[in-house]
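Heads up, the thing below is written out as C-alpha cells.
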Amino acid sequence: MAAAEPMTGMLRTDVELIRGGRPLLFDRQADSYYRIPPAMLDVAAFLTESMPVSQFLDKLRCNGISLERSELVKLLAFLQQNNLLAPEYGQIGVRRERRAEQREKTAFLRFSAAYLFFRLPPWRPERFFEAIRPYAGWIASKPVVLALLFPALLGYLLVVREFGTVRTTFLDSLSWAGLAKYFAAILFLKLIHEAAHSLAAIRFGCRVRGIGVGFMVFYPKLYTDTTDSWRLPRRKRLLIDAAGIITELLLGGIAALLWAYLPPGAWKSTMFYVFAVSTISTLFVNGNPFIRYDGYYIFCDLVNIENLMARSGEYVRQCWRWHFLRLGAKPRGEHGVLLFCFGVGAFLYRIFLYTSIVLVIYHSFVKAVAVVMMVLELYSILIYPCWREIWTIRALSKRSAGRARWFPGAAALVILAGILFLPLSWSISLPGETVPAARRLVTVSEGGYLTAKLPRRARAVREGDILFRLRSPQLENGIERLKTVLKYDRTLYDLQQLDEKLFSESRVTAEKIASDRLGLEELERRREKLTVRAGADGVFVPALPDMSEGAYLPKGLQAGEVVSERLMVYAYAQDRDIGKLKEGGRAVVFVRDSPAEHPARITQVNRIAARLKDSPLLQHYGGPVPVYADGQNPGEYSSVLALYRIELVLTEAAGLLPGRCVSVEIRNAERLGERIGKLILSVIRREF
C-alpha cells in the first residue's frame with residue numbers, strides 16, 4: 001500500500017508577511033520576526049489551506065512560481081519548527097509532549113549554564129516612552145553627539161599619555177571596596193546605555209518592547225528589547241544597535257578628561273570608575289562580537305547574516321562531519337570562510353572568558369564556588385556538546401547510504417593520542433660557561449712581605465709546589481728573641497741544679513723553659529706558613545698580578561686559586577625551564593664560532609636563584625645575561641631575570657679552555673599527557 005502524500009499545512013492567519021527590502025514573517029503571538037528569501041515569502045502567501053505537496057506545487061506553477069519539491073519541504077519544516085503553521089487535529093498534544101521531553105533531557109544542561117547567562121522578567125515601558133517621545137529627538141541629534149565628541153577624544157588622549165598612572169590606579173582599586181564602587185558605576189552606566197538604545201529607537205519611530213536585567217557569569221547587564229527595529233532600514237538599525245556603545249564611549253572619554261584635571265578626592269575617584277567601567281565594558285562585553293550583546297548584533301548587520309552564532313556553529317559541525325567522516329551534506333554558502341572563522345573564534349572566546357572569570361573567583365574570592373563553576377562550565381561547553389555530537393554522528397551514519405569514512409577521524413585520534421602519550425623529543429638552549437671541575441682557594445695564612453714578584457700568568461703546579469714566599473721581620477725578631485731567652489733560661493737552670501741554695505728555684509725555671517719551647521714552636525709554625533704551597537695538582541691562577549717584590553700581603557687575603565685541568569659547564573635556566581630539567585639528562589655543548597659538539601650530562605639542578613660573579617656571561621662583559629650590581633656585596637651581580645644554575649660534566653675529552661661562553665642544548669623526551677597530569681596533580685596538592 002502506497003504511503004499517503006504529506007500535506008503542506010496552512011499558514012496561521014495572525015502571521016504578518018512584511019515585504020520590502022528585508023522580507024519578514026512577523027509572529028504576533030510569539031512577538032518574533034523571521035527573515036526568509038523573497039521567493040519563499042511569495043510561496044508562504046499561498047499557504048491559505050492545507051493540501052498535498054504535489055497539488056500545492058501545481059498551484060504555484062499555475063501562478064508563475066517555479067519551485068523544487070526539496071525547497072518546499074525545507075520551507076514547510078522551517079514554518080513548522082517555529083510554529084507558524086496552523087495547528088492540526090491531534091498534533092498540539094504531540095508537540096507539547098515532545099517539548100516537555102526535550103526540556104527534561106536538557107534539564108541539567110540548562111541548570112549548568114544558568115549562571116552563564118539568565119534574565120529577569122522585563123519592564124514594559126510603552127507609556128513612559130510615549131510620554132517622552134516629543135523631547136527625545138534633540139538628545140539623540142547629531143549636533144549633541146558632535147559637541148560631546150571633542151572632550152571625549154581629548155580625555156582618551158590624556159589617558160594614553162598617563163597610562164602608567166591609569167594602570168597603577170586600576171590595580172590599586174581591585175579590592176572588595178573597589179568592587180562595590182565598580183558595581184555602582186556599572187548600574188549607572190548601564191542605565192544610560194539602555195536609555196540610549198531606547199531614545200535612538202524612539203527617534204526612528206521604533207517601538208521599545210521592554211527593558212530588563214540579565215546576568216552573564218553574575219555580571220549584571222541591562223537589556224532593551226528593540227526587536228521591531230527589523231522593520232527599519234539597515235542604517236537606522238545599526239544606529240540603534242550602536243547607540244549604547246557610542247554613549248558609553250562619550251561618557252568614558254569625558255570622565256577621563258575630568259579625572260585628569262580634578263584634584264584628588266571623591267570626584268576624581270568617581271570619574272576614574274566611570275571611565276574604567278565604560279572602557280572595559282565596551283572592549284570586552286558590549287563591543288565584542290563573540291557574545292550576544294551590541295557588538296554581536298552590529299556585526300550581524302554589517303555582514304548581513306542573521307542568527308550568526310547558531311549558523312556559524314552549525315557550519316563548523318558540518319565541516320567536521322563532511323571532511324573527516326563524509327557524513328551529512330557538504331558545507332556550501334557564500335560566507336563559508338566567515339562562518340567557520342566566527343564559529344571557531346566564538347567557541348574559543350567563550351572558553352577564555354568563562355575560564356578567566358572562574359580563575360579570578362578562585363584566586364581572589366571563594367575557591368569552592370570557583371570549582372563548582374568550573375565543573376558546570378566543562379559540562380555545558382565541552383562534555384554535553386561532544387556527547388550530543390557523537391549521537392548526531394551515529395544517527396547520520398545509520399541514515400547514510402554509504403558507510404561513514406572513519407579513517408580521517410580515527411587518524412586524527414591516533415595522532416592526538418600519539419602527541420599525548422608517546423615520548424616527544426624537545427630541546428632547550430641555555431647560556432653557559434666552562435669552569436674548572438674543582439678549585440682550591442689560595443689565601444695568605446700569615447701576613448708578610450713578598451720575597452719575589454708574584455707571577456702574572458697562570459702556571460701548572462703539582463701538589464706541594466711552592467707558589468710564593470713571604471717574610472715577616474716581626475716574626476723573625478720574635479723567634480730570635482725567644483731563642484736568646486731560651487738559651488739564658490737553660491744556663492740558669494744548669495747553675496740552679498749545682499747550687500743547693502738555688503736548687504728549689506730550678507723547678508720554676510724548668511717550667512719557663514717548657515713555655516719558651518712552646519712559644520718558639522708556634523712562631524716557627526707561623527714562619528712555615530709564610531711559604532704558600534699548592535694544595536692539589538692543577539693550574540695556579542694568581543688573583544694579584546700586579547704585586548711586586550716587597551709588597552705586603554695581609555692575613556686572609558685571597559692570592560689566587562688552584563684549579564683542576566678537568567672542566568665542567570655551568571648553564572643557567574629561567575623559571576619556565578627549570579621544571580623540565582632533571583639530573584642525568586643529556587646535553588650538548590657548543591662553543592661560539594665552532595661547529596664541534598661536546599656531549600655532556602646534567603649532574604645537579606639548583607633550585608635556588610644563582611648569584612653571578614666575574615662571569616663572562618654578564619652583560620657588563622659582553623655576555624647575554626642582563627644583570628645589576630649587588631650594593632651589599634661588591635663584585636657580585638644579580639640577574640634581571642631569576643636564573644638557576646645547572647651543572648654539567650663533559651662525558652668526553654673536549655680540549656676546551658675555562659672561562660669560555662658556550663651554548664648548552666639540553667635534550668630530553670617526555671610524554672605530554674604525563675606532564676599535564678603532573679601539572680594538574682601539583683595544582684591540586686598545592687591548593688587543597
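The backbone N, Cα and C atoms fix where each Cβ goes, glycine too.
For 183-340, the entry in TrEMBL reads domain 'Peptidase M50'.
If you look up TrEMBL, you'll see 107-123 (among others) marked as transmembrane segment.
Residues or ranges marked as transmembrane segment by TrEMBL: 135-158 (among others).
The transmembrane segment annotation in TrEMBL covers 238-260 (among others). Tertiary proximity for the transmembrane segment (238-260) is limited to same-chain residues at least six positions away from its ends with a CB under 8 Å from its CB atoms, namely 140, 145, 148-149, 151-156, 158-159, 162, 189, 192-194, 196-197, 199-201, 204, 206, 224, 226, 229, 232, 267-268, 271-272, 274-275, 277-279, 281-282, 286-287, 294-295, 297-298, 301-302.
Summarising the annotation, TrEMBL assigns transmembrane segment to 266-285 (among others). With a cut-off of 8 Å between Cβ atoms, the residues of this chain six or more beyond the transmembrane segment (266-285) that come close are 155, 159, 169-170, 173, 181-182, 184-186, 188-189, 216, 219, 221, 245, 248-249, 251-253, 255-256, 258-259, 291, 293, 353.
The transmembrane segment annotation in TrEMBL covers 336-362 (among others). Same-chain residues lying 6+ beyond the ends of the transmembrane segment (336-362) with a Cβ under 8 Å from its Cβ atoms: 116, 217, 284, 288-291, 303, 305, 308-309, 311-313, 315-316, 319, 369-371, 373-374, 377, 381.
Here TrEMBL flags 368-387 (among others) as transmembrane segment.
Summarising the annotation, TrEMBL assigns transmembrane segment to 407-426 (among others).
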